[in-house]
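Accompanying notes for the structure given below.
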Amino acid sequence: MFLDIHTHSLSSDANIKKVFNLDITVNTLGEDLKHFFGENESVSVGIHPWSVSEELFFEQIEILEFLAADSRVKAIGEIGLDKLKGPDLKLQEEVFLKQIRVAEAVKKPAIVHCVKSFNELIAIKKVVRPKVPMIIHGFNRKVDLAKELTQKGFFLSFGRDLLESDLVKEALKSIPLEQVFFETDDDKVLIVSQVYKTAADILKIDIEVLKDRIYQNYLELYL
Ligand SMILES: [Zn+2]
């Protein structure tokens, strides 16, 4: 089975396991979010850093706590830190920490959005020491950071930038395959014929072998 660990697309495909992402925004407060799960067996739920409301984040967290235990919720995310967009970083950090605690409580991995905040993210992991895995989605940085993050126990998920950037290709080559995932996010890329295919070419391995390896990573996370 191919795996798309982070997607905003509701379309389904029998050959691809997709983890559909649902963002708890102020606009969804008061709605029956389970309704949004639709037919999806695998969902990630979280408060995106851009969606954190200074006034209403406690309500957003309450909804997350309510949804997190649902068996269809496979991960808490995307959650994280973004220095370029969203509310004040202090508030983002506070809400991020609360969501990490939710992930810990339900023993589900966190899918992390991180923009220009890797030092803060590394510092938080060092202090909080979460037992749940942290998957940094949409990784689009260089070898050095990829190595540092995987050495510190983070998982990295690659998507569109793997197709476009030689630096990101080098980053994929430099880290253990046991800590790798692939995704489409909200981009118009195809998970198998573009993302997996590109990765298999870069790594010089058969796409079927890659498929099984990545799915094994998923099974190991979700035990
Ligand atoms: Zn996303």
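Just so it is clear, glycine is given a Cβ too, placed from its N, Cα and C backbone atoms.
Keep in mind the model is a prediction, meaning the values are calculated, not measured.
Long-range Cβ proximity for Glu78 (divalent metal cation 1 binding site), meaning a same-chain Cβ under 8 A and a gap of 6 or more residues, is found for His6, Asn21, Asp23, Ser44, Gly46, His48, Ile111, Val112, His113, His137. Marked as divalent metal cation 1 binding site by TrEMBL: Glu78, Asp185.
In three-state terms derived from DSSP, His137 (divalent metal cation 2 binding site) belongs to neither a helical nor a strand segment and is classed as coil. Taken from TrEMBL, the feature divalent metal cation 2 binding site covers His113, His137.
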**Distance-selected binding-site residues near ligand 1 (C-beta under 6 Å), from Glu78, His113, Asp185** = Glu78, Asp185
**Asked** Which residues of the same chain, at least 6 positions away in sequence, have a Cβ lying under 8 Å from the Cβ of Asp185 (divalent metal cation 1 binding site)?
**Response** His6, Thr7, His8, His137, Gly138, Gly159, Arg160
